[in-house]
Amino acid sequence: MGQATSSCQRFLHYAFDYETPKTLVVPSTAVGVVFRFTQLLVLLYLVGYVCVVQKAYQDMDSVVSTVTTKVKGYAIINGSAHTHRPQFGDVADYVIPSQGDKSFFVLTNMIVTTNQTVSHCPEDPQPSSICSEDSDCPAGLSVLRGNGLCVNFSNTIQTCEVISWCPLEKDTGPPEPALIDAAENFTLLIKNSVTYPKFNFHRRNIMPHVNMSYLKRCEFNSTTDPDCPIFRLQQMVSDAGEEFKEMAVKGGVLGIVIDWTCDLDWWAGECNPKYSFQRLDNNKNKEVAPGYNFRFAKYYKTPEGEESRTLIKAYGIRFEVIVIGIAGKFGIIPTIVNLGATLTFLSLVPTVTDWILLTCTKKRHFYSKHKTTHLRDEDDENKESMTMGTSYGTQ
Amino acid sequence: MGQATSSCQRFLHYAFDYETPKTLVVPSTAVGVVFRFTQLLVLLYLVGYVCVVQKAYQDMDSVVSTVTTKVKGYAIINGSAHTHRPQFGDVADYVIPSQGDKSFFVLTNMIVTTNQTVSHCPEDPQPSSICSEDSDCPAGLSVLRGNGLCVNFSNTIQTCEVISWCPLEKDTGPPEPALIDAAENFTLLIKNSVTYPKFNFHRRNIMPHVNMSYLKRCEFNSTTDPDCPIFRLQQMVSDAGEEFKEMAVKGGVLGIVIDWTCDLDWWAGECNPKYSFQRLDNNKNKEVAPGYNFRFAKYYKTPEGEESRTLIKAYGIRFEVIVIGIAGKFGIIPTIVNLGATLTFLSLVPTVTDWILLTCTKKRHFYSKHKTTHLRDEDDENKESMTMGTSYGTQ
Amino acid sequence: MGQATSSCQRFLHYAFDYETPKTLVVPSTAVGVVFRFTQLLVLLYLVGYVCVVQKAYQDMDSVVSTVTTKVKGYAIINGSAHTHRPQFGDVADYVIPSQGDKSFFVLTNMIVTTNQTVSHCPEDPQPSSICSEDSDCPAGLSVLRGNGLCVNFSNTIQTCEVISWCPLEKDTGPPEPALIDAAENFTLLIKNSVTYPKFNFHRRNIMPHVNMSYLKRCEFNSTTDPDCPIFRLQQMVSDAGEEFKEMAVKGGVLGIVIDWTCDLDWWAGECNPKYSFQRLDNNKNKEVAPGYNFRFAKYYKTPEGEESRTLIKAYGIRFEVIVIGIAGKFGIIPTIVNLGATLTFLSLVPTVTDWILLTCTKKRHFYSKHKTTHLRDEDDENKESMTMGTSYGTQ
């Protein structure tokens with residue numbers, strides 16, 4: 001029973017006796033100042049860089065966003081002699097697709113080939129297509145489907161005949177100036193709603209304080225009207241450092257960047273979108289695939305029931321609404337992690353100061369003698385020795 | 001050589017002698033309990049909050065997703081007297097675009113203007129367009145392209161003439177009830193495949209156990225059929241807290257959120273999508289740009305070869321499939337980082353307990369005397385002093 | 001005044017006296033080797049795993065990307081006897097949508113129903129539609145809108161009459177081989193520009209050194225031409241482990257993954273896109289909703305002004321350009337955090353070594369006697385005792 005009590009006591013001692021390091025207080029002001037100063041540096045890093053600059057105490061989340069757009073405007077076609085199209089058009093004619101996606105194309109220039117039907121016609125004169133007899137024209141699909149005949153292209157030139165949508169498109173480059181550069185006065189309404197799912201945060205780019213009458217007359221301007229969600233195409237292009245009339249000729253891609261980067265902590269103020277514009281296609285290196293164009297067709301039926309089409313090579317500006325954003329909000333985990341890391345560095349300060357104390361001070365032997373006790377291998381269990389010389393401790 | 005041996009020995013001592021702090025065991029149960037209790041608190045935070053609640057031991061990755069959709073259904077047009085369109089339509093008529101994007105529009109209401117050609121016609125009577133003589137009508141582009149003439153709009157009113165697609169659209173607001181509110185019975189099949197690239201994890205929303213016969217008859221229901229990827233439009237709108245027939249009149253935007261937030265650790269069970277629905281356009285503030293509509297045109301050629309168009313102002317519901325998701329899986333780096341941060345806090349516990357030991361206990365002077373040795377400036381290298389009074393240590 | 005001086009001195013002592021633990025140097029090579037070896041292990045983890053393998057010293061950012069595409073090519077329709085469409089087509093006919101989105105569809109097979117008008121016609125014979133008298137045919141919308149009549153479908157079969165776009169589509173499955181499998185020779189140009197906003201890093205998939213003449217003749221090949229942004233459709237499908245001619249029949253979804261995962265530190269070399277291809281629709285389980293198809297219509301007006309349409313059930317390959325990427329760049333915060341966590345583990349090494357020292361060594365009682373001082377409860381403030389026995393310290 002005495003044994004049991006003893007065991008129990010030993011356990012209690014083991015569990016609840018408090019073991020604490022023995023310390024030595026060194027009254028060296030120089031070392032003390034170095035110690036405090038280093039601590040201060042680490043604390044300044046924690047407060048200044050980690051908290052204020054990097055906001056490393058925050059959890060992060062990426063934006064989830066929905067965008068709808070609406071273009072408004074009317075335009076007249078320049079130099080309608082170039083084309084058989086009507087002289088007037090609206091967004092139903094010029095915006096593709098029409099349903100208001102976050103990426104859409106505004107037609108500014110075009111090459112129109114009307115009344116195409118699938119039939120046969122001579123190719124345009126090119127070194128590879130000029131021929132003098134049928135044997136110069138291999139049948140089969142090379143670029144177009146040749147049928148093996150050599151026919152008159154004009155009175156003087158013969159070219160191979162092909163089966164294709166005829167007449168072939170005459171692509172002599174886009175007209176200059178652009179046919180529909182009046183599209184610069186179209187306006188664009190962007191409706192953008194964003195969510196940060198982790199923080200259950202929802203917001204729209206049309207602010208709650210905006211009313212119908214303001215929306216009817218306002219126009220975005222980065223300095224005077226930064227909250228208005230209505231943009232004039234010409235203004236966006238010029239904010240991106242480009243010239244609309246020039247860009248309209250060969251087309252291009254314009255990014256409308258909506259930046260929702262936000263600090264959602266309550267002391268950080270409002271979370272508002274910032275708009276910026278940049279040209280996304282490479283127009284520096286003019287030679288490599290410049291501009292933006294594509295071909296589309298409108299299909300008709302002739303009164304005889306035959307299908308014909310109008311082929312349009314469309315040049316224009318593709319607008320891409322790009323919503324970016326990372327939100328931060330105070331979080332316990334990142335706070336603990338960053339605090340922990342900094343405290344670890346704080347706990348390195350004594351190691352450094354010890355090294356200075358035992359290496360660089362005049363009284364280093366004196367301090368070392370009191371701080372460090374050296375056991376000797378030959379010491380017996382009942383003997384004890386304090387070395388007097390330099391200490392080669394490891395820690 | 002004795003010198004070399006000595007240097008070598010000194011290096012070995014420096015490298016492999018083990019330096020360890022001298023400690024003092026204080027048999028104070030009160031302090032011991034405080035110490036153990038604080039340690040316990042920190043461990044509980046680590047296990048409970050960091051591991052169980054926040055799963056901070058996990059690496060995170062964001063979802064990469066592909067969505068294709070397919071709408072099925074037939075609808076009859078209400079009150080076809082309003083329109084020259086046929087009384088019947090299917091998804092080829094009512095879903096835009098038709099190719100099954102993750103964002104698509106279902107036509108529910110429309111204002112149709114048929115047989116427009118580019119010509120000239122009088123504007124609708126408005127304060128700005130009513131005129132009594134030609135000089136009231138400036139030529140040039142104001143809203144439409146005026147040609148400077150004042151013509152009869154009706155027997156009693158004269159308005160300015162414009163060059164435009166004529167006849168002009170008569171926009172008197174969308175018909176009520178919506179013409180195609182039968183679209184509420186359309187069904188939507190969503191095929192969604194997701195990837196978490198960092199974890200090489202792939203999954204589809206059509207589960208491996210689902211077979212063709214189940215897919216043919218099932219319909220999503222958040223309680224009874226949460227895995228079925230086929231949704232009735234009406235059900236989705238009502239799950240979002242809206243009324244389909246009401247939303248169909250002026251249109252709107254409905255978000256179909258597929259949440260793939262998953263715990264990919266093997267002990268965490270299945271990773272399945274959760275569907276939810278919410279209206280994304282602001283319908284609270286009714287005045288500001290309500291609903292969702294756009295204009296598109298179908299182009300025809302008259303037998304004489306002239307181009308005409310049918311302009312449709314389309315109201316309807318735009319569905320946006322929004323796939324969100326963050327997956328977590330055990331990772332060594334976050335585990336080490338969070339464990340390290342917690343251990344750092346654990347290493348703060350002795351500091352706090354020391355402070356209590358030397359400040360709050362009755363025997364504090366006794367403990368302090370044994371724990372702390374004060375060197376005095378006047379101590380010589382051969383003398384030693386232990387201060388008896390209060391300790392003002394810094395650590 | 002002596003009092004004030006004393007207080008001031010006490011404060012200075014408190015602030016600038018340096019407190020350092022007293023240590024004991026144990027000349028046990030075994031323990032020293034264990035200590036150094038454990039330290040080495042932790043440092044190897046830090047350098048090897050954290051820095052080299054995981055690059056945990058880096059800040060991360062997710063890619064923001066813009067994609068435009070352009071398909072080129074001509075195709076002849078196989079077996080044109082099946083259809084009333086012309087025998088020849090180009091991308092304006094076969095690519096939907098035509099404007100070069102990052103997701104687009106290439107038509108490879110189709111079922112064409114021409115000259116549909118809204119009228120009434122007998123349903124196709126099916127168990128549910130075969131009838132012998134009008135009472136077998138309920139009026140109203142079942143699948144189609146029945147009008148309650150039972151009419152002759154052929155000389156031998158009577159079916160219910162419906163109001164619909166007539167004639168009804170005869171969907172007997174897609175033609176084999178696919179009508180436009182020549183689309184395998186279409187080429188695709190992808191223009192992709194990416195941004196890592198956090199690092200202000202911009203790049204395009206068309207490299208600065210690429211010139212027009214290379215772009216005109218090059219074709220992507222994962223081994224010989226990995227930088228060329230022009231892809232042959234057939235090559236992409238086969239890189240994904242599929243057969244184009246087989247996939248063309250029922251359609252499918254092909255993902256073009258552009259991976260911009262990059263190390264942006266200056267010593268890490270170039271950041272270039274890596275292309276890969278994979279089929280995204282589930283073709284393993286052939287029964288469940290196989291392939292990819294949708295219906296669209298072309299609208300015409302008859303000379304009498306009546307609307308008719310050509311309904312096309314389009315089978316084909318939907319290409320999805322998926323841009324993924326996470327960039328890392330040296331950041332102070334993650335470096336400090338990971339360094340801190342590792343240092344914390346480094347500070348655990350002495351705890352472990354102490355345990356070994358006091359538990360596993362032969363001289364453990366001798367070491368313990370010198371390392372640990374036990375206070376006894378009965379010790380008075382003026383007495384001091386050093387326990388000789390085993391130590392049960394807690395730390």
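Note that Cβ sites are derived from N, Cα and C of the backbone, with glycine treated the same way.
According to TrEMBL, the protein carries these features:
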type	residues	note
BINDING	C:Lys70, C:Val71, C:Lys72, C:Thr187, C:Asn293, C:Phe294, C:Arg295, C:Lys313	ATP binding site
DISULFID	C:Cys121-C:Cys166	disulfide bond
DISULFID	C:Cys131-C:Cys150	disulfide bond
DISULFID	C:Cys137-C:Cys160	disulfide bond
CARBOHYD	C:Asn185	N-linked glycosylation site
DISULFID	C:Cys218-C:Cys228	disulfide bond
DISULFID	C:Cys262-C:Cys271	disulfide bond
REGION	C:371-395	region 'Disordered'
Nearest recorded site to C:Cys121 (disulfide bond) by CA-CA distance, among binding-site residues C:Lys72, C:Asn293, C:Phe294, C:Lys313
C:Lys313
Tell me the Cβ neighbour count for C:Arg295 (ATP binding site), meaning other Cβ atoms within 10 Å of its Cβ, over all protein chains shown.
22
Top Cα neighbour of C:Lys72 (ATP binding site) in the set of recorded positions C:Cys150, C:Cys160, C:Asn185, C:Cys218:
C:Asn185
Run through the Cβ atoms and count how many others sit within 10 Å of the one on C:Val71 (ATP binding site).
22
Using Cβ atoms and a cut-off of under 8 Å, determine which of the recorded positions C:Lys70, C:Cys121, C:Cys160, C:Cys228 neighbour chain A, and list them by sequence position, or give 'none'.
C:Lys70
What subset of the recorded positions C:Cys137, C:Cys271, C:Asn293 lies within 10 angstroms of C:Cys131 (disulfide bond), using C-alpha positions?
C:Cys137
After the CB under 8 A filter against chain B, the remaining recorded positions out of C:Cys137, C:Asn185, C:Thr187, C:Cys271, C:Arg295 are C:Arg295
Hey, what's the widest CA-to-CA gap across C:Lys70, C:Val71, C:Lys72, C:Thr187, C:Asn293, C:Phe294, C:Arg295, C:Lys313, the ATP contacts in the record, in Å?
25
Between the Cα atoms of C:Arg295 (ATP binding site) and C:Cys166 (disulfide bond), find the distance and write it as a whole number of Å.
15
List the recorded positions among C:Val71, C:Cys150, C:Asn185, C:Thr187, C:Cys262, C:Cys271 whose C-alpha is within 10 Å of the C-alpha of C:Cys160 (disulfide bond), in sequence order, or say none.
C:Cys150
List only the single closest residue to C:Asn185 (N-linked glycosylation site), chosen from the binding-site residues C:Lys70, C:Val71, C:Asn293, C:Phe294, C:Lys313 by CA-CA distance.
C:Val71
Integer Cα-Cα distance in angstrom, C:Phe294 (ATP binding site) to C:Cys218 (disulfide bond)
33
